[in-house]
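Pulled from Swiss-Prot, these are the features on record:
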ACT_SITE  CYS333  active site, nucleophile
ACT_SITE  HIS430  active site
DOMAIN    251-438  domain 'GATase cobBQ-type'
Amino acid sequence: MTRKIMLQGTGSDVGKSVLVAGLCRLASNHGLSVKPFKPQNMSNNAAVADDGGEIGRAQWLQALAARVPSSVHMNPVLLKPQTDVGSQVVVQGRVAGQAKGKEYQALKPSLLGSVMESFEQVSAGADLVIVEGAGSPAEINLRAGDIANMGFATRADVPVVLVGDIDRGGVIASLVGTHAILPGDDRRMVTGYLINKFRGDVTLFDDGIASVRQFTGWPCFGVVPWLKSAGRLPAEDSVVLERLTRGGGKALKVAVPVLSRIANFDDLDPLAAEPDVDIVFVRPGTPLPDDAGLIVIPGSKSTIADLDDFRRQGWDRDLDRHMRRGGRVVGICGGYQMLGSRVADPLGIEGGKREIEGLGLLSVETEMAPEKTVRNSRAWSREYDVALEGYEIHLGKTTGADCSRAPVEIDGRPDGAMSADGRVMGTYLHGLFGSDAYRSALLKSFGIEGGGGNYRRSVDAALDEIALELETVLDRAWLGTLLG
């Protein structure tokens, strides 16, 4: 029989995704067939699953940790925010429509069937399924029709382990408070809790464990230290971008404007892992640095709205100065679209303006269309004559004179555009920098030798290190029950 456990957080960004990935790798290392599952995710960092269709990037990573092919059923409902109040709704890998907050609350109950169908698919043949919740079950205002936390756990009869983040402070109050406000049926699903991101002498929290036990009756299944290896894993949520920014006199500074609806910013992770590269994620209200050698404009869930914001920040003027200083620019997906002379949305797919003037660094134009391209791709860099692997997730078609200098071939067809002087290029291919040979060639073009280490191997090693750490610190009896 398949064993099942669900990690739910006392809040967002408590580290659930990393813990699920670590537990998946730990179980796999013990010879178990283990699979991850997240009923509902909200993220613009999407991946293309091995069976086609979109899932959250975290579930793709968790499948990698579990050493199993990724599937759209591992994340049956994916919400991709397009505006401050609305999201694109992806169900079992395919776009099902768009919904604003209240509309989605009404829609949720109808999605439970798809969620349960996917859960059955994932569970089939697995020894263990590790489920990740979303946000917190303490948000009882969202409990009606819930499919992400306790609504799913009670329906699927999956025991819950709460995760509290001690690094942000108030972890005892968050655990006890969650116990206090959960309805009785939900509270009974909780079997215990984990403390995450602890720094220092773990015995200093012994009294804390006793206090939580006194108020809730819940046992502690482990105090997990701050996992340094997690810094080598792709991040899923834009709330962590400040922590990803590096700085300090490296050979190459790469500036990345943080767009309001930034998508797939984990494209930059392989560059950030390079010892001679500084990645600077530039928040709104801050100019693009004048000492950057390369500016990367990342993907966007709403290209036209983000291009409006780009100008509002004055980043277009910063970009012009960067070009006059001899700098280089790469645009990926939505960032590529922005680099052209015009972006048109005649059908109103993005829900805002129908047309906007582009940044004018490439002689191309983009027109949005309802057909969405979602696929894993094998590609070739014409620029550096090396093989690439990546994926495409985009709406729209880009055409123009600079497309004649396409920097990439995807499955044998030209993709992207490059300026005549070679300093500006754009492509729809995500994962470009994750190809070691391409990254090495790019760094050499900036005078950096020795780059392009095996990024995938580094991620895999980080997962093993996290699994080993968890095996050391987690309660042995609980872990034994989990692993069988």
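From the backbone N, Cα and C atoms, a Cβ is placed for every residue, glycine too.
DSSP assigns the residue listed as 'active site, nucleophile' to coil in the three-state reduction, outside any helix or strand. The residue listed as 'active site' is surrounded by 25 other CB atoms, counting those within 10 A of its CB over all protein chains shown.
Under DSSP, the residue listed as 'active site' is assigned to a strand (E or B) in the three-state scheme. For the domain 'GATase cobBQ-type' (251-438), the predicted model reports an average pLDDT of 96.
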